Amino acid sequence: MLAPDTFWLACLEYFENELSAQQFNTWIKPLRLQLSDDSPEPALRLIAPNRFVLQWVKDNFLSDITQMAENHFARPVQLQLELAGQIPASASPSTGRNNGTASHSITAVFDAPTESAQKAPKDTKDTKDAKEKQEKNPTRLNPSFTFNTFVTGKANQLARAGAIQVAERPGVAYNPFFIYGGVGLGKTHLIQAIGNFVVEQNPAAKVRYIHSEQYVSDVVRAYQHKAFDEFKRYYHSLDLLLIDDIQFFGGKNRTQEEFFYAFNALIEAHKQVIITCDSYPKEIAGMEERLISRFGWGLTVAVEPPELEMRVAILLKKALMEDIILDESVAFFIAKHIRSNVRELEGALKRVVAYSRFTGHALTLDLAREALKDLLAVQNRQISIENIQKTVADYYKIKVAEMYSKKRSRVVARPRQMAMAISKELTPLSLPDIGEAFGGRDHTTVLHGYRKIAELRASDPAVNRDFNTLLHILRG
């Protein structure tokens, strides 16, 4: 007779040590392990809360878990990966340290399919001009923002995977779907890709993409013209509502109240709500608690600044789309020096291409250096390790000299790790060079500090906020 309790606890401990906190809480912690009562051979059921987790575990972790089971029980063990809704009612209680409680980061809220849209409100005098513009593109979606044109890397792979799941099953998979991250990291592209996919699959779907400031303007107009009934009929009748940069709702009480009603109406009707923000939901200034709590009902994912390989891929794909012949060495040069976000990356590419066309010279590595020399000179002058150390020390209220010291107390070690991580992010220096600038430390110490901050950013919104704030300060 198999005893799964001890095995699953060992499994949880292994993955908790191997994965980041976000990965562990998202993929492993929600799983439940049960004995299989209807199999002639020794068998275990590994139960996933939804299809998204099931597929991800199958692709990335199932072979490891199976191998650990065979090592633990010292014999072949059949491991069945199943969806929670497929488990018989007589199944035995779940085992594991989470006591069967699934992680709140992923929740499959609804099972019913999206219903057909209601009729849109009739035109009024005050909305006639706006309606005429909307008739050309009522969704307000950019048709070039698709999943095919979205470059995927470690920084956004979870967000993209969730977006595809939502696009394929709107109102069923994760509702709401909340994406947060800094400026220019692809949040708008990703949510509009969902909208374009939904419209392609169902042209009759009533989809609306809107920036939060435009939504605020709609609320103001409805208030001025006493047209809240029509406002509500329109927004409550959507099949898919995509709200961009919801942080601008902060402090706007009437807007938040109307959005609260719209949010509830759409969720109750099994219609999809998708939101982007520049910060984690609980960190949004001036946002009502009742909205913040609802943002956590579905899936919340972060997008991070792209890593080097992803930046190169973005440049090459952009060049291909624009019929630009771009050598990989030129793409690598641009990507190595432009690290902040996708918009600045594409801006640098446009600058290099324009310089090539104006001068009539081929787009070579030397030309790229010449075209970007002013930009790179400003970056090199402003963002040095010394500047990073001083900025981080001032931020955490410690002495700059403590960056080089041997002190290991948390009040000094954490800022030092933060400065090392930012140095790796913002400078082209190697790990040994960064270590040398921090009191002659070994490159492995720098790498450990970088990974530690990355792990904390995934699990602690305060650390992530500090990191992004410092990047913003240093970049000016």
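Cβ from N, Cα, C; glycine included.
Over in Swiss-Prot, the protein carries these features:
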REGION    1-75  region 'Domain I, interacts with DnaA modulators'
REGION    75-139  region 'Domain II'
REGION    110-141  region 'Disordered'
COMPBIAS  120-138  compositional bias 'Basic and acidic residues'
REGION    140-356  region 'Domain III, AAA+ region'
BINDING   Gly184, Gly186, Lys187, Thr188  ATP binding site
REGION    357-476  region 'Domain IV, binds dsDNA'
Q. Out of Gly184, Gly186, which of the binding-site residues has the smallest number of neighbouring Cβ atoms within 10 Å?
A. Gly184
Q | For the region 'Domain IV, binds dsDNA' (357-476), mean pLDDT (0 to 100) | A | 86
Q.
With Cβ-Cβ distance below 8 Å and at least 6 positions apart along the chain, what are the contacts of Thr188 (ATP binding site)? List them in sequence order.
A. Phe145, Asp244, Thr276
Q. Helix, strand or coil at Lys187 (ATP binding site), per DSSP?
A. helix
(Q) Looking only at the region 'Domain I, interacts with DnaA modulators' (1-75), how are its residues distributed among DSSP helix, strand and coil? (A) 45 helix, 10 strand, 20 coil
Q | Secondary structure composition of the region 'Domain IV, binds dsDNA' (357-476) [DSSP: H/G/I, E/B, coil] | A | 92 helix, 0 strand, 28 coil
**Q.** Check: same-chain CB within 8 A of ATP site center, minus Gly184, Gly186, Lys187, Thr188
**A.** Gly181, Val183, Leu185, His189, Leu190, Thr276, Val303, Asn341, Val342, Arg343
Q: Please list residues from the chain of Lys187 (ATP binding site) whose Cβ is under 8 angstroms from its Cβ, counting only those at least six apart in sequence.
A: Ile179, Tyr180, Gly181, Asp244, Thr276, Val303
